[in-house]
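According to Swiss-Prot, the features are:
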- Glu179: active site, proton acceptor (ACT_SITE)
- Asp43, Asp82, Glu114: Mg(2+) binding site (BINDING)
- Asp43, Ser44, Asp82, Lys112: 3-methyl-2-oxobutanoate binding site (BINDING)
Amino acid sequence: MKNLAKLVEMKQDKTKISMITAYDFPSAKQAQDANIDMILVGDSLGMTVLGYETTTQVTLEDMIHHGKAVRRGADDTFVVVDLPIGTVGVSDEHDLKNAITLYQETNANALKAEGAHLVNFIKKSTQIGIPIVAHLGLMPQSVGVMGYRLQGSTKDAAEQLIQEAHAVQEAGAVALVLEAIPSDLAGLISEQLDIPVIGIGAGKDTDGQVLVYHDMLNYGVDRYAKFVKQFGDFSVGIDAIKHYDEEVKAGTFPAEAHTYKKKILNEVNSND
């Protein structure tokens, strides 16, 4: 398993870090079998798996349920689990209770928290031994306020992002996700920080990349962000399901090859 020291070493060696989301046992197993460096159990599962419009409806219980499944499928991969909206940013007692619960229940390697306003939470969590991955730029939990658009696109906004990146590192964050920001800004932040910086829609100059499993595989998703590249096409599964439906209705499935050869009725009738 790649630990934090190995991820930092990859950054120092300029070896790109690959990260992908996974939400269940089979997707996690696929990621591990493909030698992905990190898995994110993102609250994006609200949209990709649970059918919500945004991530804001995802609960702590949802993250625990899916986080456990991912860990079972990827027992030798660095797994990060999202802290969903409302679980942190309230009070120290409230925040740490939720973080401890999620960390222990999922057996994650780290938790992810959105926003620079959680600097104190990052510091407190680090002090009790829970590694935190910070998330800046576009923050899906705050789309009701900021919307889905490029962040850090003005001088003031860019300077603020740089300050926030340094602040979360100083607070103890073990890595940083930058989403939907100009590529030159992301490259500068990656260069300035000692911790690994993972980009999504942040250009190629970050220390690594993360994509959503369902986006990159065209799996049940109708709309895609500009930064998504489809590396496969799971939508072909629809054709397979249609074919199955046709064969059931035509009576051609199951065929003899899919049927047990054991005959039992003669034995049953002989008891009469």
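Heads up, the Cβ atoms here are built off N, Cα and C, so glycines get one too.
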With H, G and I counted as helix, E and B as strand and the rest as coil, say where DSSP puts the residue listed as 'active site, proton acceptor'. strand
Between the recorded positions Ser44, Lys112, Glu179, which lies closest to Asp82 (Mg(2+) binding site), Cα to Cα? Lys112
Between the recorded positions Asp43, Asp82, Glu114, Glu179, the one whose Cβ has the fewest other Cβ atoms within 10 Å is Glu179
In Å, rounded, how far does the Cα of Ser44 (3-methyl-2-oxobutanoate binding site) sit from the Cα of Glu179 (active site, proton acceptor)? 13
Enumerate same-chain residues with a sequence separation of six or more from Lys112 (3-methyl-2-oxobutanoate binding site) and a Cβ-Cβ distance below 8 A; give 'none' if the list is empty. Leu40, Gly42, Val80, Val81, Asp82, Leu83, Ile132, Val133, Ala134, His135, Val177
Across all the protein chains here, work out how many other Cβ atoms are within 10 Å of the Cβ of Ser44 (3-methyl-2-oxobutanoate binding site). 21
Which chain neighbours of the 3-methyl-2-oxobutanoate site, leaving out Asp43, Ser44, Asp82, Lys112, have a Cβ atom within 8 Å of the mean position of the site's Cβ atoms? Leu40, Val41, Gly42, Leu45, Thr55, Val58, Met63, Val81, Leu83, Pro84, Glu114, Pro140
What is the separation, in Å, between the Cα atoms of Asp43 (Mg(2+) binding site) and the residue listed as 'active site, proton acceptor'? 14
